[in-house]
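The structure under discussion appears below in the form of structure tokens.
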């Protein structure tokens with residue numbers, strides 16, 4: 001690893017560990033990651049000299065094309081994460097017309113030799129030489145037998161860019177892994193890195209679904225060669241997860257956890273799929289068992305989602321709101337908060353939050369679908385159709401976005417027979433372990449085919465498969481025509497009863513977070 005990548009710095013009362021991408025104050029980790037950490041790291045390397053806008057753009061953002069306003073906004077977010085105040089700066093000050101400068105001298109520290117040896121021993125004993133980047137987080141496993149060769153640097157740099165969590169950086173990681181595999185086609189680190197990056201391209205950045213086929217093929221190659229390597233099973237799970245094959249993905253995640261019980265990122269991914277299948281007790285338990293929350297990128301959102309579905313709306317709201325404030329450059333955070341508000345019948349607040357999210361420049365098909373549903377529920381059919389078409393443009397392989405387009409008559413409807421066939425294909429995928437929401441998708445397709453009874457049966461299939469989001473069922477305009485049917489009310493009642501039972505289980509096992517316990521007590 002290069003000296004700058006293993007450096008440790010002290011800035012006033014902050015300690016910065018570059019290799020671990022960790023910033024601490026008084027032993028407490030701060031939420032500084034991704035582009036915020038890259039910016040901080042670069043400025044630290046410059047000492048107390050003034051760093052100009054053009055230099056920052058070239059060394060932190062390039063080859064992405066950004067302007068000074070982008071730099072200013074990112075510095076504001078970094079300051080916020082550090083608890084700094086631009087009016088009375090403690091760590092980073094603005095130099096009018098020039099750029100930015102550290103307020104105090106930065107000290108570079110050396111990692112204690114004993115600690116280095118302990119880490120090396122642990123990594124070698126684990127036998128895991130891979131980056132694990134699971135749908136909801138990233139965990140780094142670095143092989144430290146010797147200083148990296150020129151070839152090893154390609155994988156290291158790929159790991160670095162993949163861990164940042166931005167679309168452009170994921171593409172840079174893919175290029176680096178490909179370069180390494182041109183030199184050494186059987187390098188397992190590069191194969192797993194490329195597998196995860198391909199999966200992320202689809203899951204996180206709305207890329208072509210064919211990349212998950214390549215991702216699975218790479219992961220399977222390493223799994224066959226090294227069946228005891230947890231990272232290989234985790235990468236396989238991620239590829240299957242991004243294909244919507246939830247059952248197979250969960251089996252791979254669980255296999256990875258058997259091989260490496262300390263893999264927090266894998267545990268977070270498994271927790272997400274437990275929620276998707278309706279097992280909220282297991283989902284919340286797994287999320288709360290995560291020992292290092294920094295390794296599970298979307299952990300606060302996952303816990304919030306568990307609590308929201310279980311009926312602890314106040315505890316969920318606090319987490320969603322905070323995450324929305326802290327991560328304005330993350331599309332999942334931008335989607336989660338207005339979606340929560342929409343599912344709780346707070347349409348006006350959801351619209352305000354969605355407008356803010358759309359203004360942040362994180363184009364994502366899910367945001368466009370939510371915009372379509374909100375606009376439709378407010379009677380703005382023209383905007384709803386425009387947003388639905390935008391969702392299809394952003395994710396052309398996505399089934400549900402296309403379904404919403406048809407439901408809104410933004411495009412001519414296929415024949416009823418074609419709609420039924422498409423719905424049946426989705427229901428078959430659910431039967432084979434696919435995502436229960438596919439049955440909701442099928443429900444809307446059958447409504448488009450003017451088959452409400454079949455649509456209700458499809459929705460019951462979603463319930464059986466574990467779909468538990470009654471808020472969405474109650475408020476989505478896509479399901480309006482079913483709400484007057486007694487079978488629909490009975491379905492909601494069954495889900496509510498199951499959720500009540502799961503709440504009771506959590507109370508008996510004392511698994512609820514303190515704020516959820518307080519919320520429940522206040523409601524009595």
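Glycine too: its Cβ is placed from the backbone N, Cα and C atoms.
Automated prediction, rather than curation, is the source of TrEMBL annotations.
Lifted from TrEMBL, the feature list:
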type     : residues : note
DNA_BIND : 6-104    : DNA-binding region
DOMAIN   : 6-104    : domain 'OmpR/PhoB-type'
REPEAT   : 230-263  : repeat 'TPR'
TRANSMEM : 121-142  : transmembrane segment
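Per DSSP, the secondary structure of the repeat 'TPR' (230-263) breaks down as 27 helix, 0 strand, 7 coil.
The helix, strand and coil residue counts that DSSP assigns across the domain 'OmpR/PhoB-type' (6-104) are 36 helix, 24 strand, 39 coil. Averaged over the domain 'OmpR/PhoB-type' (6-104), the predicted model has a pLDDT of 84.
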